[in-house]
Amino acid sequence: MGGVAAGTKWIHHVRRLSAAKVSADALERGQSRVIDASLTLIRERAKLKAELLRALGGVKASACLLGVPLGHNSSFLQGPAFAPPRIREAIWCGSTNSSTEEGKELNDPRVLTDVGDVPIQEIRDCGVEDERLMNVVSESVKTVMEEDPLRPLVLGGDHSISYPVVRAVSEKLGGPVDILHLDAHPDIYDAFEGNTYSHASSFARIMEGGYARRLLQVGIRSITKEGREQGKRFGVEQYEMRTFSKDREKLESLKLGEGVKGVYISVDVDCLDPAFAPGVSHIEPGGLSFRDVLNILHNLQGNVVAGDVVEFNPQRDTVDGMTAMVAAKLVRELTAKISK
């Protein structure tokens, strides 16, 4: 798989640097230059887009796409690293119009802008390890948020990216948010397979950090004893698919965000039944229908300040790119919730 090859390339590159006896200071300087250049590019793009929106006027919040093509924290396949460009291609492919279901026009920059991708692989090629890499993701998100009226809508990548993104949103806003998390899995292991940054541990890090007041997990149908225990430990509201018919009315009339800094929505594409979205790493039957998801999102009451769409794996998609279109529509409808 391409992601595995990229990860192996990075490991070999770091070993070659060590074998060549590159000094720690020289390595640090090189890493810092690459990181600074990466953040500068995102910062300048965000400034340019925000200046245009302020000049146009009449906008309080514009959803801003930021790609985080990270796949190496996946416990199974690393294909989600290739998702951001495929999602963008599907958004603008022309097979459908540019309107959201609620009537917002995506080709209006006051509704949707884009600052490109964090160059994850290029940064890893310099030997940057995960703790620092997560800080780069957080700083990238904060860079977007510094330019009013931009609001980050992040394209993953595996679900490990939600931790640095939510952390950045909470720190930038100055307090916790309420999180609506749509997923087949709770992703709340303490350290899955020993990896504290695993995509299966992202919400443990979020809750430990105090970045969320409420965490609602919807669509769950693959959960272990540890997942339930961790949910109880952190006070998570877990809604499993086995009781969805009973919970439907409540979930389709959610009111979140009162008394905190806003609402964050994280959508793992595998929350959907694989009949609707086969292009995911972890295929788990018995999930939500696409209309179930839209009903939850459309009816949600609250100030949505940021979000992400993660775990689309183009390497497992159908030939005609069905899951890419599904991910793109999720992005479209989240854009409508964020933009004001």
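Glycine is no exception: its Cβ is also placed from the backbone N, Cα and C atoms.
Worth saying up front: this structure is predicted, and the values here are computed from it rather than measured.
Taken from TrEMBL, the feature Mn(2+) binding site covers His159, Asp183, His185, Asp187, Asp268, Asp270.
In sequence order, His181, Ala184, Pro186, His199, Ala200, Cys271, His282, Val310, Glu311 are the same-chain residues whose CB sits within 8 A of the CB centroid of His159, Asp183, His185, Asp187, Asp268, Asp270, the residues recorded for Mn(2+) being left out.
Within the same chain, residues at least six positions away from His185 (Mn(2+) binding site) with a Cβ under 8 Å of its Cβ are Ala200, Ile220, Ser222, Ile223, Gly227, Asp268, Asp270, His282, Glu284. With a cut-off of 8 Å between CB atoms and residues at least 6 apart in sequence, the same chain places His159, Gln217, Val218, Gly219, Ile220, Ser266, Val267, Asp268, Asp270, Cys271 near Asp183 (Mn(2+) binding site), listed in sequence order.
Long-range C-beta contacts of Asp187 (Mn(2+) binding site), restricted to its own chain and to partners at least six residues apart, with a cutoff below 8 Å, comprise His159, Ser162, His181, His199, Ala200, Ser201, Ser202, Phe203, Ala204, Asp268. Using a 10 Å radius centred on the Cβ of Asp270 (Mn(2+) binding site) and all shown protein chains, the other Cβ atoms total 30. Packing around Asp268 (Mn(2+) binding site) is summarised by its Cβ count: 27 other Cβ atoms lie within 10 angstroms of its Cβ, all protein chains included. Cβ neighbour count for His159 (Mn(2+) binding site): 27 (other Cβ atoms within 10 Å of its Cβ, all protein chains included).
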